[in-house]
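Following: one structure in structure tokens, then a few remarks.
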Amino acid sequence: MARRPVLARHRIDFRNRVNYIGRFAPSPSGPLHAGSLVAALASWLDARAHHGLWRLRIEDVDTPRTVPGAAGVIMDQLRALHLHWDGEIMWQSRRGAAYQQAFDALAARGLIYGCGCTRREIADSALRGTAGVDGERPYPGTCREGLPAGRQARAWRVRVPPGVETFVDRWLGPQQQDVAAAVGDFALRRADGLWAYQLAVVVDDADQGVTDVVRGADLLGSTARQRVLGRLLGLAPPRVMHVPLIVDPATGLKLSKQNGAPALDCSQPLRMLQQAWSGLGFAPLAAATPEAFLQAAAAQWAQRFGMRHAAVPASPKAD
């Protein structure tokens, strides 16, 4: 008998683009900055250009990194920039039951195992000469056949099947990654009980019905993992687009909260939007208001990324 998909109710018919659902998923570790606005604007424009929905998700699954009040600041910034979202906000910190359900489904099929390795041990493993993803060494599978004597699980990992994952990025073109070789079995839950980002994102995208993920290029390395995990859960993968990062000219580092990027000056929303538009490689638009700018930008976006009809309906305002 064929195996039933774990979350089959979330399968999406990509032939019907009326069903477009995008999302913006900031982590509340600080306010939005110029780099995060580029990703927010691109995802908003793609949703509006496809006459779709734009969801907001607060990715506060890593509670120790959450800054009190930051989520409210982010929402206020989006409103000031006229980037209004559709429907209710999803909070990862309230989604433990959904993550547990997916985790249990994988565990029931023998796809989860406990790992007692420390980060140092993984870095010093026999595979230390192997190039990894995002600066991390691939997990060598030390605990795949069972924990060493005297060890307790520090994390729970998913068994990654062999093979190369291929996909087409709507901005960057064809991509591929051998997840088993480049990453290895990756963690879905930490010893402190916190859920890993990769599991949370896959489950949340499915539950929100997301058809298209538009985000910064720094997350490109996560895409193959998320596709593999989604397939193990019986989920159809969303289309992806990874847009350029904004770099600090003084340091050469990407603008990020960790690197001290300043918060957006939302008292000048039109100027902020124009700068983000420029960061996406577009020429400045002649617009006197944020609303006029967004209307014109969505029309150009539609022309560039395949929509024949550039007229964009006004988006509903969030509560």
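Just so you know, glycine gets a Cβ as well, placed from its N, Cα and C.
Straight from Swiss-Prot, the features:
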type    : residues                                                 : note
BINDING : Arg23, Phe24, Ala25, Pro26, Ser27, Glu59, Tyr197, Arg215 : L-glutamate binding site
BINDING : Cys115, Cys117, Tyr139, Cys143                           : Zn(2+) binding site
BINDING : Lys257                                                   : ATP binding site
MOTIF   : 26-36                                                    : motif ''HIGH' region'
MOTIF   : 254-258                                                  : motif ''KMSKS' region'
Candidates Arg23, Ala25, Glu59, Tyr197 (binding-site residues); nearest Cα to Cys117 (Zn(2+) binding site) turns out to be Tyr197
The DSSP breakdown of the motif ''HIGH' region' (26-36) into helix, strand and coil residues is 3 helix, 1 strand, 7 coil
Cα-Cα, Ser27 (L-glutamate binding site) versus Cys143 (Zn(2+) binding site), nearest Å, comes out at 31
Span of Arg23, Phe24, Ala25, Pro26, Ser27, Glu59, Tyr197, Arg215 as binders of L-glutamate, largest Cα separation rounded to whole Å, comes out at 16
Listed in sequence order, the residues of the same chain lying six or more positions from Pro26 (L-glutamate binding site) whose CB sits under 8 Å from its CB are Leu32, Ser36, Ala40, Ile58, Glu59, Ile74
Restricted to the motif ''HIGH' region' (26-36), the mean pLDDT of the model is 93
